[in-house]
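Feature annotations, courtesy of Swiss-Prot:
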type     : residues                                   : note
BINDING  : His59, His61, Asp150, Asp303               : Zn(2+) 1 binding site
BINDING  : His61, Phe62, Arg63, Asn93, Asn276, His307 : substrate binding site
BINDING  : Asp150, His177, His230                     : Zn(2+) 2 binding site
ACT_SITE : Asp303                                     : active site
Amino acid sequence: MLLIKNGRVVDPKSGLDTQADVLVDGKKVVKIAENIDAGDAQVIDATGLVVAPGLVDIHVHFREPGQTHKEDIHTGALAAAAGGFTTVVMMANTNPTISDKETLKEVLTSAAKENIHIKSVATITKNFDGENITDFKGLLEAGAVGFSDDGIPLTNAGIVKKAMELAKENNTFISLHEEDPDLNGVLGFNENIAKKEFHICGATGVAEYSMIARDVMVAYDTQAHVHIQHLSKAESVKVVEFAQKLGAQVTAEVAPQHFSKTEDLLLSKGANAKMNPPLRLESDRQAVIEGLKSGVISVIATDHAPHHADEKNVADVTKAPSGMTGLETSLSLGLTYLVEAGHLSLTELLKLMTSNPSDLYGFDAGYLAENGPADLVIFADKEKRQVTADFKSKAANSPFVGEELTGSVKYTICDGEIVYQV
């Protein structure tokens with residue numbers, strides 16, 4: 001047994017926010033109360049710390065199979081635990097892509113060896129070809145939790161419609177990366193800074209919000225659920241809000257980098273601040289924060305995208321791959337740029353990182369209650385820390401290295417076992 005003493009116990013799902021002890025027995029939380037006496041249980045003193053549900057990230061890239069020089073499922077799991085995450089959903093843009101039952105089973109077999117809960121989507125189209133839809137029914141039966149061609153937008157609207165209809169038939173949903181290549185220039189650079197500082201045509205706002213507009217209206221027509229991944233533009237928030245008010249079943253996520261920073265970070269951090277979609281303008285940053293506050297955006301997801309240092313450190317920054325490692329800074333970015341900045345309460349932040357993403361997929365996760373799963377994070381919500389490149393991830397491609405952030409994970413507990421502690 002494990003007894004967590006004297007913490008601030010916060011459960012966004014029930015609204016619980018109180019000083020209490022938490023008793024864990026096996027894989028379950030068995031009691032939440034004051035002054036629990038559990039005899040010979042292992043004790044964690046959580047005085048001055050927050051005790052919350054283990055975090056849930058529905059958008060990570062663990063690069064296995066085929067790109068394990070960047071990350072693998074084991075190091076990805078270590079990074080997740082260090083960031084306070086007990087449940088993650090891997091994307092399918094591996095090599096080969098997770099487009100068939102055999103590859104999916106291989107990935108899930110590897111994932112099952114780890115000490116956190118690792119799920120996976122499968123691709124919408126075979127090998128990301130954008131034309132031939134995968135076997136949704138068979139892949140779901142084999143363990144896929146959903147479908148996404150994340151990394152590559154689906155340009156064929158007819159395929160999007162068919163995929164939505166198929167997803168609806170199978171009681172699931174598709175998640176979409178929205179950047180129309182026909183309207184975009186060089187990816188990873190917002191159009192403003194691309195023109196001004198790099199003298200290139202960059203990633204445009206219209207490439208994002210026009211594609212979102214198309215897909216949310218297809219969702220409205222099909223009455224299927226569509227999830228919009230890592231939106232970054234003010235107009236995108238408005239389009240999603242419009243569709244939701246119209247009655248379309250549309251959900252959306254934002255990555256921490258997009259509510260924390262703007263395009264200027266490219267000038268100081270170079271390729272480590274290059275990502276798809278790119279960091280945008282301050283007006284966009286404020287708009288996605290407003291979207292989180294209003295509920296239009298219901299999920300914070302990292303888009304954890306590790307790359308090898310040699311790939312990022314190329315002479316021509318436009319040739320560097322896009323993406324940043326994100327699992328180990330996500331909670332701190334939320335605490336720093338949303339809670340400390342006065343935009344959200346701690347409970348509101350945690351809801352976006354626990355129960356909301358979990359409920360999207362119907363996981364038994366993201367809540368802290370008696371008889372519930374013993375998946376917890378214990379953290380100091382006001383402690384300052386300097387981000388270093390000493391990550392559990394294989395990669396250190398974070399533009400936040402060197403920055404002082406608020407919040408520090410002290411323990412992560414999954415299935416009743418301590419999987420990370422400082």
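Glycine too: its Cβ is placed from the backbone N, Cα and C atoms.
Annotated features taken from Swiss-Prot, shown on the structure.
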| residue | record | DSSP (3 states) |
| --- | --- | --- |
| His59 | Zn(2+) 1 binding site | strand |
| Asp150 | Zn(2+) 1 binding site | coil |
| His177 | Zn(2+) 2 binding site | coil |
| His230 | Zn(2+) 2 binding site | coil |
| Asn276 | substrate binding site | coil |
| Asp303 | Zn(2+) 1 binding site | coil |
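Cα distances from Asp150 (Zn(2+) 1 binding site) to the binding-site residues Phe62, His177, His307 are smallest for His177. Considering only the binding-site residues His59, His61, His177, His230, His307 (substrate binding site) has His61 as its nearest partner by CA-CA distance. Comparing Phe62 (substrate binding site) with Asp303 (Zn(2+) 1 binding site), their Cα atoms are 10 Å apart once rounded. Each of His59, Met91, Ser148, Gly151, Ser175, Leu176, Glu178, Gln229, Asn276, Asp303 belongs to the same chain as Asp150, His177, His230, is absent from that list, and has a C-beta within 8 angstroms of the C-beta centroid marking the Zn(2+) 2 site. Among the binding-site residues His59, His177, His230, not one has a Cα within 10 Å of the Cα of Asn93 (substrate binding site). When the C-alpha distances from Asp303 (Zn(2+) 1 binding site) to the binding-site residues His177, His230, Asn276 are tabulated, the minimum falls on His230. The Cβ of Asn276 (substrate binding site) lies under 8 Å from the Cβ of Gly151, His177, Glu179, Leu187, Gly188, Ala203, Ser322, Gly323, each on the same chain and at least six residues away in sequence. The binding-site residues recorded for this entry are His59, His61, Arg63, and the Cα of His59 lies nearest to that of His230 (Zn(2+) 2 binding site).
The C-beta environment of His59 (Zn(2+) 1 binding site), restricted to residues of the same chain at least 6 apart in sequence and closer than 8 Å, consists of Val89, Met91, Asp150, Ser175, Gln229, His230, Glu253, Ala255, Ala301, Thr302, Asp303, His304. Between the binding-site residues His61, Arg63, His177, His230, His307, the minimum number of other C-beta atoms within 10 Å of a residue's C-beta occurs at His177. Farthest C-alpha pair in the substrate-binding residues His61, Phe62, Arg63, Asn93, Asn276, His307: 17 Å apart.
A sphere of 10 angstroms centred on the C-beta of Asp303 (Zn(2+) 1 binding site) encloses 28 other C-beta atoms.
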